[in-house]
Amino acid sequence: MNMARQGLFQTVGSGLDHILSLADVEEEQMIQSVDRTAVTGASYFTSVDQSSVHTAEVGSHQSEPLKTSVDKPGSKKTQGEKFFLIHSADWLSTHALFHEVAKLDVVSLLYNEQFAVQGLLRYHTYARFGIEIQVQINPTPFQQGGLICAMVPGDQGYGSIASLTVYPHGLLNCNINNVVRIKVPFIYTRGAYHFKDPQYPVWELTIRVWSEFNIGTGTSAYTSLNVLARFTDLELHGLTPLSTQMMRNEFRVSTTENVVNLSNYEDARAKMSFALDQENWRSDPSEGGGIKITHFSTWTSIPTLAAQFAFNASASVGQQIKVIPVDPYFYQMTNSNPDQKYITALASICQMFCFWRGDLVFDFQVFPTKYHSGRLQFCFVPGNELIEVTSITLKQATTAPCAVMDITGVQSTLRFRVPWISDTPYRVNCYIKSSHQKGEYTAIEKLIVYCYNRLTSPSNVASHVRVNVYLSAINLECFAPLYHAMDVTSQTGDDSGGFSTTVSTEQNVPDPQVGITTPKDLKGKANKGKMDVSGVQAPVGAITTIEDPVLAKKVPETFPELKPGESRHTSDHMSVYKFMGRSHFLCTFTFNANNREYTFPITLSSTSNPPHGSPSTLRWFFNLFQLYRGPLDLTIIITGATDVDGMAWFTPVGLAVDTPWVEKQSALTIDYKTALGAIRFNTRRTGNIQIRLPWYSYLYAVSGALDGLGDTTDSTFGLVSIQIANYNHSDEYLSFSCYLSVTEQSEFFFPRAPLNSSAMMTSENMLDRIAGGDLESSVDDPRTDEDRRFESHIEKKPYKELRLEVGKQRFKYAREELSNEILPPPRKLKGLFSQSKIS
């Protein structure tokens with residue numbers, strides 16, 4: 001009767017319940033077994049019970065009217081995102097310039113049983129997080145000097161120490177501040193950090209001497225240093241049982257048949273692809289902190305350390321303390337152990353272009369005690385790097401654009417923006433050759449530092465104050481790319497050298513990538529000055545505190561100037577995509593036998609030297625940033641008159657591959673190669689191949705600046721293999737040269753300090769590689785030792801001398817041939833050469 005009164009949905013529902021769920025009591029009694037199934041649990045625990053009963057629940061949770069404990073309940077934020085003291089050290093007066101006071105793997109130090117955060121971390125496998133650190137010192141008023149604290153993603157590698165300001169950093173100046181705070185996001189080649197088995201450190205904190213530590217008489221020869229750190233935005237994944245060893249010990253370890261254009265972004269673009277489909281790759285800045293790089297002004301607008309000089313008490317009023325050429329190539333910071341040349345970020349970028357223009361910005365940061373007093377005058381004299389300025393007096397210098405700085409007070413830094421004043425629209429990069437024509441100049445003027453008021457101080461403090469000189473640029477425009485690794489030796493000890501550049505994007509607007517604020521964003525009276533002349537606007541940023549990250553980003557306007565006008569170029573040569581859209585040399589190899597294959601990895605690692613690593617421009621570029629993701633375009637040039645059949649294929653990292661850098665018979669099947677994706681070609685019908693290498697990787701990104709195991713696993717983009725057949729080595733020569741370029745879908749994240757010039761590794765030419773044994777000659781060299789000496793000799797001769805030398809050798813060989821021939825007895829040839837016959 002009940003069933004008859006139920007509606008349709010009630011009938012269907014009870015039927016399904018009878019089939020899928022619990023039986024009624026009568027059925028349980030009939031089958032002599034309980035028929036109750038329950039699925040219970042919480043979070044990542046599930047329990048399925050076949051003989052379950054309902055939960056016995058009595059009452060509910062109640063809040064306390066009178067709190068038993070008034071602290072906030074424990075949570076991931078209170079336990080995992082609080083500051084912990086991870087390191088203590090002493091900064092000593094014996095520490096030299098650039099001495100590394102501390103080098104800390106912040107994450108591994110936070111993963112410590114002394115810290116509450118480990119209670120969360122040790123039960124999880126993966127995590128994503130940011131890091132925030134505080135570095136504290138406790139100097140006295142009688143101590144002076146400075147430290148730089150920089151958070152470096154991955155590893156410092158061969159990056160320039162003078163360009164540490166490119167990284168997230170803080171500057172400690174004994175006279176200005178005693179604490180710095182740095183907050184960084186998650187920057188990693190993988191989607192998450194593996195606590196149990198890390199590939200490499202995520203963030204490395206380096207603390208180095210930026211200005212040497214000096215003390216007064218009777219003052220302690222040290223100051224204490226403490227480092228606090230915490231996780232931010234902590235995400236934990238992969239609950240795991242507790243094991244005995246949670247972390248391993250760290251260890252370190254489109255073309256035509258005959259013509260191909262490698263010159264520009266459009267013509268070097270590949271039309272064919274190794275990808276499964278003509279697919280595109282979506283942008284993903286999630287592991288790069290959202291800092292995507294598109295323009296070289298990301299580096300040139302950051303002040304980096306170019307030089308250092310001392311303001312001594314012995315300097316008299318009007319004495320020239322320092323003369324600096326106004327060009328972007330100037331840098332003087334070196335180190336002898338190891339031998340390093342610390343290039344500035346500005347010089348590193350500008351050395352790769354032929355011409356430059358723009359406004360150079362000099363930041364002069366002083367390191368006094370509170371008991372030092374004195375003034376410096378800065379002026380610039382228009383001209384070039386060859387002008388003589390030693391005779392210009394202090395009074396004469398006031399005629400030129402100048403600024404005077406009081407070294408003592410709450411502001412530590414004079415920002416001196418030198419406007420573009422020149423007789424040519426652009427200046428030349430004269431460092432790429434040794435001889436110059438009159439009118440080919442690099443610098444636009446010279447900047448002179450004078451003693452304006454003598455340095456005074458008590459006798460119990462140091463009798464000098466050190467001044468750091470930083471260099472950057474505004475409105476920088478560089479054009480006409482080239483490859484050049486500058487050597488600081490051409491400048492050190494002589495202030496007549498120089499270097500400078502400008503940008504062809506919208507003028508007078510700094511690159512927003514570095515987060516430069518506008519003057520309107522700066523609050524407080526400290527950022528506003530007064531001028532004695534009414535109606536004249538005070539210069540913005542002429543005096544600042546470079547130790548403060550916000551004040552350091554003020555756009556400098558030391559002197560009035562006009563806008564530079566419209567660039568003559570329709571293409572921005574400082575665009576990362578335009579510059580690296582041009583194909584750059586990667587490697588070359590020669591086949592010496594038939595039915596062989598050759599595999600070469602495309603690696604970004606800065607520890608792999610050419611010819612098995614990226615050379616010159618590629619090496620420099622891929623170490624300018626931390627993360628790369630996206631496809632690459634490969635151009636293969638075939639050299640030699642051959643009729644050879646070939647096949648090429650691309651292998652993503654982690655799969656089976658033939659031994660790299662070795663010419664050998666392939667151990668892989670044709671099925672495997674074609675499944676990966678292959679192209680077939682014939683060298684008689686084509687002289688070049690342009691192909692797009694897909695972004696096929698199990699990683700989020702790859703990087704060239706990693707430490708430990710990460711340098712091996714996370715630095716390789718993929719591997720390219722070429723196999724040949726029908727090759728007759730005895731009378732044919734077959735060589736391949738490979739060139740690499742970026743694509744419109746390439747992405748570059750998080751800037752790094754540029755490579756030192758000594759780590760650039762220029763490519764060797766083919767003959768040098770054969771002579772060094774790296775490559776086997778394609779054919780037996782028919783030349784004798786005497787032939788080689790002769791060729792080596794004539795290569796060193798100018799053209800006129802070369803012709804005379806060749807003429808002598810021809811006469812010599814002619815005489816030898818005549819003397820060796822057996823001539824018949826001479827006959828008289830009557831009238832053969834008479835005048836009548838010749839006519």
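In case you wondered, yes, glycine gets a Cβ from its N, Cα and C as well.
Predicted, not measured: the structure shown is a model, and the values here were computed from it.
The compositional bias 'Polar residues' annotation in Swiss-Prot covers 55-66 (among others).
Annotation source Swiss-Prot lists compositional bias 'Polar residues' at 496-510 (among others).
What Swiss-Prot lists as compositional bias 'Basic and acidic residues' is 780-792.
If you look up Swiss-Prot, you'll see 55-76 (among others) marked as region 'Disordered'. For the region 'Disordered' (55-76), DSSP puts the residue distribution at 1 helix, 0 strand, 21 coil.
According to Swiss-Prot, the region 'Disordered' annotation covers 496-530 (among others).
If you look up Swiss-Prot, you'll see 766-836 marked as region 'Involved in P1-2A pentamerization'.
For 773-792 (among others), the entry in Swiss-Prot reads region 'Disordered'.
Swiss-Prot lists 167-171 (among others) with the feature motif '(L)YPX(n)L motif', giving similarity to another entry as the kind of evidence. Under DSSP, the residues of the motif '(L)YPX(n)L motif' (167-171) split into helix, strand and coil as follows: 0 helix, 3 strand, 2 coil.
Helix, strand and coil counts from DSSP across the motif '(L)YPX(n)L motif' (200-205) read 0 helix, 3 strand, 3 coil. Taken from Swiss-Prot, the feature motif '(L)YPX(n)L motif' applies to 200-205 (among others), supported by similarity to another entry.
The feature site 'Important for VP1 folding and capsid assembly' is assigned by Swiss-Prot to R769, with similarity to another entry given as support.
Over the region 'Involved in P1-2A pentamerization' (766-836), the average per-residue pLDDT in this prediction is 55.
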